[in-house]
Structure formats: structure tokens, C-alpha cells
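Database features (Swiss-Prot):
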- 1-21: region 'Disordered' (REGION)
- 36-56: transmembrane segment (TRANSMEM)
- 70-92: transmembrane segment (TRANSMEM)
- 113-135: transmembrane segment (TRANSMEM)
- 156-176: transmembrane segment (TRANSMEM)
- 192-212: transmembrane segment (TRANSMEM)
- 236-256: transmembrane segment (TRANSMEM)
């Protein structure tokens, strides 16, 4: 046990990880990086395949005991909980380019890792949507919109961007809070405590935003079904930009709020620079 440096001191029982380098060429030769990318690909494939199948199934059974909005929300939230629990120790369990983007801004992952993750997530999402299409058949898949995200009638593009931004803010803020080094040190004996709030955040965001955008909050999840449904020919494709702009803006805002306001990184940096500067 580390001793305090002075009487009455209360040393931290955790240690903040060092910031990741923006470019770490050394990790490019490590199998662990590619194993993590494979985990991101597989997890995103499963996420999109199962969640999109739930949406299509609900539309097919509408009025006949379909899952409904609550069932879809539980499918997404529960699946995120399971997949984060399974992959967090390998890749961090991002499954979402917006989450990966926020981690780059927070200096938790390097740019090469983020680029590889994002590529794996997008390819996994396309493969997951393709698998869902194979499960339901091309006709049923197209007839029920392929589970793709699109702006609901009566809502403006601006409203869609705001909904996606707010929803992603909630998700990424929860991710940062659940994986905070201080909380991880305190709750390390209960390994489900990080995936659980993340899954619940996804659930409640779906309840709030399904009526507006169908809930994207994940650019890869929106890209996969839109591509499989038809490149450049569908409403989902024309609305796709909403599901990239909103989530990336929300992710950046959540990182700034958690890292610089709640964690006080800006104040610490200012205090450190003031301490090092000469005084006259």
C-alpha cells in the first residue's frame, strides 16, 4: 500500500493511464491490434444482424404481437450489454465509430488503432446487414426497410441531427463515466458494472429517439443497412449524413464535458502551466 506524502494526505487509490500517442507505429506489428480489430468486426456484425432482424421482425408482426418500441429498445440495450461485456477486455468494446472518435479525442487510443477499428466496424455492419437480409430474404428485407435508419415524417433534418447528437452524448458520456479509472478501481470486483449502464443508456435513448430517427447513435449501424438496402436509391441513403454528423458531434461534446469539466483536465493543465511559468 502506498503511503501518503504527508500527514492527513489522501493519496489516490487509482492511477490515470498515460495518454495514448496519436501515432504509435510500434503497435502496427503487434497481433493484439489485429485481434482487437477482429473483435470489433465480429461484435458489430452481431449487433447489426440481431438488432436489424428485431426491427424487421417487429414490422412484419405489427399488430400480431410484435416486439414494439420497447422490445426493440431492449434488444439493442441488452445486446450492447452482452457484447461490451464480451469484448471490453480485448478491444474496449467500441462497436461504434462515434465512440472510437471520442476515445481518440480523449487520447485513449491512437489514430492508427482508431482507423482500423472504424474500418472493422463499418465492414462488420455491412456484413451484419447482409446476413440479416439473407435470414429474411431480399423481398422481406426491402419491404420492411431493412431496419435502416431514416428520418420520420414530420421531422426536419435539423431535428434529426439534434436527436442523434443528444442520444450519442448520453451514450458516450456513460461510456466515459463507466470506464473512469477512479470508478474502475473502486468497482473492479464487479465486472458487469461498466457494461450494464452502457446497455441501459442505449435502451433509454432508443425509447426517446426511435420515433424521430429510428435511433442510430452509431454511424456504422446506420451505414450497413443503408448500403445493403440500396446504394444511393433509398430514403435511408439520402438521410445517412444525419447519422454521421449527429453522432460525431455528440461524441465530441460528451468527451469535452467529461474530460475537461467533470474530470477537470483543463483546470489541471492550466494549474500545471501556471506552476511551471516563471513568476516576477
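Including glycine, each Cβ sits where the backbone N, Cα and C put it.
Sequence-distant contacts of the transmembrane segment (113-135), counting only residues of its own chain at least 6 positions beyond either end whose CB sits under 8 Å from a CB of the stretch, comprise 20, 24, 27, 33-34, 36-38, 40-49, 52-53, 56, 91, 94-97, 100-101, 103-104, 141, 146-147, 219-221, 223-225, 227-229.
Here the transmembrane segment (192-212) has Cβ contacts under 8 Å with residues 69-70, 72-74, 76-82, 84-85, 88, 93, 151-152, 155, 159-160, 163-164, 166-167, 170-171, 174-175, 177-179, 183-184 of the same chain, all six or more residues outside its ends. Sequence-distant contacts of the transmembrane segment (36-56) (same chain, six or more residues past either end, CB-CB distance under 8 Å): 67, 71-72, 75-76, 79-80, 83, 86-87, 90-96, 113, 116-117, 119-121, 123-125, 127-129, 131-132, 135-136, 140-141, 144-148, 214, 220-221, 224-225.
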